[in-house]
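The feature compositional bias 'Low complexity' is assigned by TrEMBL to 471-483. The domain 'Major facilitator superfamily (MFS) profile' annotation in TrEMBL covers 20-451. Look at TrEMBL and you will find 462-483 tagged as region 'Disordered'. Here TrEMBL flags 21-45, 61-81, 88-106, 112-139, 146-165, 177-196, 266-287, 299-319, 331-351, 357-379, 391-410, 422-445 as transmembrane segment.
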Amino acid sequence: MSQGGAAAGKAAKPQDQGWAWMVLFAAVLLQGLTLGFPSCIGVFFKDLQREFQASNSETSWFPSIMVAVLHGGGPLCSILVKRFGCRFAVMLGGLLSSVGMVSSSFCKSISQLYLTAGLITGLGSCFSFQAGVTVLGYYFVRWRTLANAMASTGVSLGFTLWPLLSQYLLDEMGWRNTFLIFGGILLNCCVCGAIMRPVQLAPEPAAEPPEPGREAERSAAAALLPNGASSPHPEPQPPSRSAACSRALQKYLAFDIFCQNKGYQIYTIGVAWMMMGFALPHVYLVPYAIQNGVEERKAALLISIIGLINIFIRPFTGLLSGHRVFTGRRVYLFSLAALLYGLSNFICVSSAEFSVLIAYCIILSLAMSGIGALTFQVLMDVVEMERFSSALGLFTIVESITLLIGPPLTGLLVDITSDFHYVFYNSSFFLVSAALFMGISFCMLEKKTKLKEASKVPLDNASRRQYSEMPTQAQPESQPQPAAVYITSI
């Protein structure tokens, strides 16, 4: 091999060393700046209500839109990454997030806040976060699992720091100036994007020139064709627009998997139903505590406690679930975590004393760590890795719809009843029912599969009917990485 070829091969493999760790550090900051940011919105809930004379339902649309766009913009981010690259997507997301929050500081109505902080900031956070996770797949091969686990700690750091910073700035200078400062802070996503320089991949070998003899045969064959006759191997026609749209939907939204794979169908429906109640404590816990006499600084501290515990528990949960004992049973661990999350809300309903609320946050954060660590691992178990990217696209869009409508509907119920307890009753209902649905459905699906195998009845399309562990080994380095994988975190 020539020196130039050796240098190119060496430059084409920057994974797992050197600059890759700087990229990982930037990814940790990105997750704290983007996924952690919505955790502080509850701190401003009462101030926004007083400023705009808005109801609980109207005010809760603002964080709901932000979270829904953050989770549901995956396919759009994937197209952007494929066209312009991860660095551009991250920096564009940081710019959008900053513009959204700066514009929010000048809003004159709650509906304007839906557009600026909800849509623009949410979309910017989506671009920065998901492109930042995607670039880790290019920089890490051997240590990819470790890199993703370490990057997810940024979410917990964001949960811990954003509420404390928000309460301090709110007390010192009001919500408008605080949003203006947030615009400057979120602009640091552009700095993180600048660190994520493109990976120098190995150049593809040049196409070999056709053999002279073969070229002469083709010319002779063309000369023998009569005038007006078509070649026996006509040039392929460009696909129609409808066919191109169909292929794009097949690539980014796996409706065929949803219809054929029973495990994926059960899991998607269960998680979507669960998300109707998942975000409710994060949105309403601080207003609920303040209404019951808890000091505002202490109320903001409750969300930080949840994030602080997540920093330590989430990586441990991920490592525990990877043990071979839980192979093929992770969906039951996920259902158990969702069940614990739902039942923990009854602690909050029993008393609003600060000490009781701390105990509630500890148990809630343990369950939340399990859900966050297992959500996408279970999805990898029920879907072939070759189709994981498109299956995740449909999964996140369905999930974002229920994340969008859950808090406003519960806020409407609170407006009618003037009782915050219904927030936690609703959350318990959705989480417990989703946990039971997924656990029982997968148990029945597994039992049905075992009975058919025991009776030796041939199964048509067996992969559609059974929940089975799919291989998740890293692809060999020689295979190209996917253009984009839209990943969310909870």
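Using N, Cα and C of the backbone, Cβ positions are placed for all residues, glycine too.
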### Query
How about the transmembrane segment (177-196) and the transmembrane segment (88-106): at least 3 CB pairs under 8 Å, pairs 6 or more apart in sequence, or not?
yes
### Message
With pairs fewer than 6 apart in sequence excluded, do the transmembrane segment (112-139) and the transmembrane segment (391-410) have three or more C-beta pairs that lie under 8 Å?
### Response
no
### Message
For the transmembrane segment (266-287), give me same-chain residues lying six or more residues beyond its boundaries with a C-beta closer than 8 angstroms to one of its C-beta atoms, as numbers and ranges.
### Response
38-39, 41-43, 45-46, 56, 60, 63-64, 67, 163, 258, 299-300, 302-303, 331, 338, 341-342, 345, 348, 357, 361, 364, 371, 375, 378-379, 382, 394-395, 398-399, 401-403, 405-407, 410-411, 414, 420, 423-424, 426-431, 433-435, 437-438, 441-442, 445, 490
### Task
Grab the pLDDT values for the domain 'Major facilitator superfamily (MFS) profile' (20-451) and give me their mean, rounded.
82
